[in-house]
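**Student:** Per TrEMBL, the features are:
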- 5, 6, 7, 8, 234, 235, 245, 270, 271: ATP binding site (BINDING)
- 43, 126: substrate binding site (BINDING)
- 1-291: domain 'Aspartate/glutamate/uridylate kinase' (DOMAIN)
């Protein structure tokens, strides 16, 4: 069996969903489990509803609820001609929107939005989209079962970023999905559909997996079902050698390793977040990144490290980062300095992308919005601490790329004349991270891509 996850842009409107239905119809022999996101931009609207409701602005919150209802009802009219399934989809939509409206009213009356209520509100989009697509598939003759993700994906009580219970999921998911397929045995073709992002506690209290959680849902289901593969359908032809919006002449990669994908994602590339891949990695399940707008494109497969050739795979970047610099207040004999710094990092659950370390200094990259004031105050008790702004982060990623002939020489040739604030080489030469001035980012990344992928072979 396979897991097929379709993101928001892949289910944005009737035309997009018709493409999804066509893709699904070509994979019915693989017993697909379909995982869908909310329609494009709907989750953003639900977050706004949370803000309005939490501030007691009932009129604005209810107006957005009605906008969401109208958009989905219009979608049903465009997508489903069959009277029976059209009526079912409309009833499903009205029921969800009525419940959402009641919850918003309660929140406004209380003047307070709990995390539990927020999780309920922001997960409405996936239930709306999955219900409509389920009806559309059935109307098209594809017997499709509807599964509630809150019965599949069990988490702890972190309502807005639930930590999945892998043991419970591994027990529950096969039982529910196999039962659903058995109930559809009379139909000549069948599929099941569920919601991405959505989860619940052991007691059934709604939680969510956090932003980007739909990919995580697909990976968790794939793990539990021992899937043959997991397909992530997006709006690009797989993973590229660089961001096509920033660099001309990028190429889609045929295959990358899980490690390379993780390094790219940490450095700003639009690849699956490393944590969402972990369940699939543990079972060595291939993940394919495909384009729902161009289904014939080969896409990119993310595989086990051993089968991936060495060489540079991509140049990725984060445009807006800061550098946190920590210097020992003792010029000589700074014994214990690094231990104290990393102990404080751990105490504050501080994570970073790039790091450069010497006996008496530590420099790391952080996001522009990271709140580290309390941590900085603690560090300043025994060190000099300051932040540099206006920086960007670049990563050149590829298995054992540093061992490839002339690769580092070509990279350093591009960097000549540019100030490099931090340079960090990953283990086994699999990635090289750089921090540069933000106003030089585009020039550097374009020249790196040209040198590594256009002027000559990266291997």
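For all residues, glycine too, the Cβ spot is worked out from N, Cα and C.
Are these features on the surface or tucked inside, and what touches them?
**Tutor:** In the three-state DSSP scheme, residue 7 (ATP binding site) is classed as coil.
When other Cβ atoms within 10 Å of the Cβ of residue 43 (substrate binding site) are tallied across all protein chains shown, the result is 21.
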**Student:** Measuring CA to CA, name the entry from the binding-site residues 7, 234, 245, 271 that ends up nearest residue 126 (substrate binding site).
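**Tutor:** Closest by Cα: 7.
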**Student:** Quick one: mean pLDDT on the domain 'Aspartate/glutamate/uridylate kinase' (1-291)?
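**Tutor:** Within the domain 'Aspartate/glutamate/uridylate kinase' (1-291), the model's average pLDDT equals 94.
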**Student:** Helix, strand or coil at residue 234 (ATP binding site), per DSSP?
**Tutor:** strand
**Student:** What's the CA-CA gap between residue 7 (ATP binding site) and residue 43 (substrate binding site) in angstrom, rounded?
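**Tutor:** Roughly 12 Å, rounded to the nearest whole number.
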**Student:** Mind telling me which of the binding-site residues 7, 126, 234 has the densest Cβ neighbourhood, counting other Cβ atoms within 10 Å?
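**Tutor:** Max Cβ neighbours within 10 Å, all protein chains included: 126.
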**Student:** Indicate the candidate from 5, 245 with the smallest number of other Cβ atoms within 10 Å of its Cβ, considering only these binding-site residues.
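**Tutor:** Relative to the other binding-site residues in 5, 245, 245 has the fewest Cβ atoms within 10 Å.
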**Student:** If I take the alpha carbons of residue 5 (ATP binding site) and residue 43 (substrate binding site), what is the distance between them in whole Å?
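**Tutor:** Rounded to a whole number, the Cα-Cα distance is 17 Å.
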